[in-house]
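Under the heading compositional bias 'Low complexity', TrEMBL lists 26-35. The region 'Disordered' feature in TrEMBL is assigned to 13-35. The feature transmembrane segment is assigned by TrEMBL to 66-87, 99-118, 130-150, 156-175, 187-206, 212-233, 245-268.
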């Protein structure tokens with residue numbers, strides 16, 4: 001027996017002086033790798049793994065919640081827009097007397113969006129956050145419906161199909177891309193301000209400027225959709241908190257609606273439907 005060379009055990013290596021306890025042994029006297037004790041952090045690898053799994057499950061639940069809310073928002077917008085588009089009496093009435101409704105919807109959208117975006121207590125407190133989002137979505141739906149009522153059914157359906165393709169494609173790209181688009185938020189903010197200024201100038205410019213504006217806005221909010229998707233799924237350095245599910249849904253919903261409206265204008269311009 002004296003001729004057998006033995007390797008120093010883990011207990012001998014890190015348990016000198018009794019300051020660090022040895023790892024528990026698994027069946028057969030072999031130390032379990034899943035419960036290895038890290039003396040620097042004071043936690044086992046098993047605990048670290050359980051924390052990672054728990055965090056991942058929380059994030060996945062957050063993602064499901066956000067996209068579930070977005071689905072309900074888009075369903076409401078589709079239903080309201082369909083009424084404005086396919087019910088002729090309402091469509092004609094909106095063309096003749098719809099200005100007060102549009103102004104009221106715009107004010108309601110502004111009033112409900114400010115606390116959601118600027119007040120964390122309002123955006124996270126149930127049920128007020130859901131109520132604010134409901135009225136915001138209702139106001140946005142009325143605005144979208146009033147806009148679509150001025151276009152033909154064919155033009156609107158083409159824009160809806162194009163929006164679906166763009167949204168699904170960019171969302172999948174954002175989830176799979178290794179590039180961190182969340183680092184572009186500062187650049188996007190500057191581009192948005194410049195686009196707003198150009199939008200005001202377009203009121204004085206001919207039709208080609210309106211087409212250019214819609215094209216730039218479509219491109220810009222497509223990038224916004226990628227950024228916001230990464231903020232939700234947690235693909236970049238920046239990510240939204242799991243408590244901000246209302247804000248997350250609102251951001252992606254606005255991206256999708258803006259893409260639809262700009263694509264609608266472009267389709268109408270191509271088909272000469274004014």
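Positions of Cβ are set from backbone N, Cα and C atoms, glycine also.
Residues 213, 216-217, 220, 223-224, 227 of the same chain lie 6+ residues outside the transmembrane segment (187-206) yet bring a C-beta within less than 8 angstroms of a C-beta in it.
Note on the transmembrane segment (156-175): residues 81, 85, 148, 181, 222, 225-227, 229-230, 233, 235, 256, 259-260, 263-264, 267 of its chain, located 6 or more positions outside it, place their CB under 8 angstroms from a CB of the stretch. Residues 69, 73, 76-77, 79-81, 83-85, 90-91, 94-95, 98, 101-102, 105-106, 108-109, 112-113, 115-116, 122-123, 156, 246, 249-250, 253-254, 257, 260-261, 264 of the same chain, all 6+ positions outside the transmembrane segment (130-150), place their C-beta atoms under 8 angstroms from a C-beta of that stretch.
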